[in-house]
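Features of the protein shown, as given by TrEMBL:
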- 86-327: domain 'AB hydrolase-1' (DOMAIN)
- Ser166: active site, charge relay system (ACT_SITE)
- Asp292: active site, charge relay system (ACT_SITE)
- His321: active site, charge relay system (ACT_SITE)
Amino acid sequence: KPQLVASNDRFCRFLEEYCPVVTETYYPTIWCWEGRVQTLLRPFITSRPQVQYRNELIKTADGGQISLDWFDNNDSLYYPDASTRPTVLLLPGLTGTSKESYILHMIHQSETLGYRCVVFNNRGIAGEDLLTPRTYCAANTEDLEAVIHHVHSLHPSAPFMAAGVSMGGMLLLNYLGKTGRDTPLMAAAIFSAGWNVFESVESLEKPLNWLLFNYYLTTCLQSSISRHRQMLEKLFDMDLVMKARTVREFDKQFTSVMFGYRSIDDYYEDASPCRKLKSVGIPVLCLNSVDDVFSPGHAIPVETAKQNANVALVLTSCGGHIGFLEGIWPRKCTYMDRVFKQFVQAMFEHGNKIFSM
């Protein structure tokens, strides 16, 4: 049974009534219950629902561009008026795009509820060109702020939420910690965020985890920037960046330098959402598994979460990183998908009751 951590009794009662999945026993798939196995198998096991996107490129203040993939849901029976159709902004993980299976499942869940979705693809990874020598990181929220402002300006009367997965969740938390209540978002859902980057990279550098995850993730990061080599060579020694064999080495040679940090430690401190959780000013539900090697259980800020009435943590003992597989053959719906669906529906349709319960 998940551990529900929340200091606000009204938020707890609201979740128990309108998002009961967070109090139900989670039964991981019995033949792949271990966290690393869940993490490795989920991308191969889960189905990929068909989603037709409408792409939009928006310009940024520094001359760059961001690729947004819209699922307008114009056939919505519950919300036929596009101006007031609830909108969910989705933030994929470190090298993820709108094509990730977990994003497709969130859109499928939103479609059945009548909602509109828009996926924020980080710069340079969704097929679009880099117009400036700049990509993205977990700490810098400027692009996310631009996207939130843009989406809200297009649909100012539509209820607006966001959901972030892994690094997308870290970025969203860092944005919420910076803005407090000064955001058009009414609530947010966070899945498998890395709370303390120092602890995350240390966990990923253990021999087995390096072999299973770290080296592959590093090559994915290098692959995501190699297409833009000509642009990035203006500022970086790309040969040195391409020699990185861990995420920490990549961040030391590339990410921390790009965003002007004096050291990698300064970047990792700024990127760790645990340091900004006290300042979150809207209702946020965060799902983590304590066996997630990307976000070790001992680094989850339970005590800090208890100090903010807007924050609720849901902690499972199994599930890995963006895993949460359940059932004998977990092709379609995961526990994470069910938490996402119930929480966004609860907030869009009953969110005003949190403060009156």
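From the backbone N, Cα and C atoms, a Cβ is placed for every residue, glycine too.
Those TrEMBL annotations? Automatic predictions, nothing curated.
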How long is the line from the C-alpha of His321 (active site, charge relay system) to the C-alpha of Asp292 (active site, charge relay system), rounded to the nearest angstrom?
5
Could you tell me the C-alpha distance between Ser166 (active site, charge relay system) and Asp292 (active site, charge relay system) in angstrom, no decimals?
11
If you skip the near sequence neighbours and keep only those at least six away, which residues in the chain come within under 8 angstroms of Asp292 (active site, charge relay system), Cβ to Cβ?
Gly35, Thr39, Ser192, Gly319, Gly320, His321
Taking 10 A as the limit, how many CB atoms besides its own sit near the CB of Ser166 (active site, charge relay system)?
26
Roughly where does the domain 'AB hydrolase-1' (86-327) sit in mean pLDDT, to the nearest integer?
97
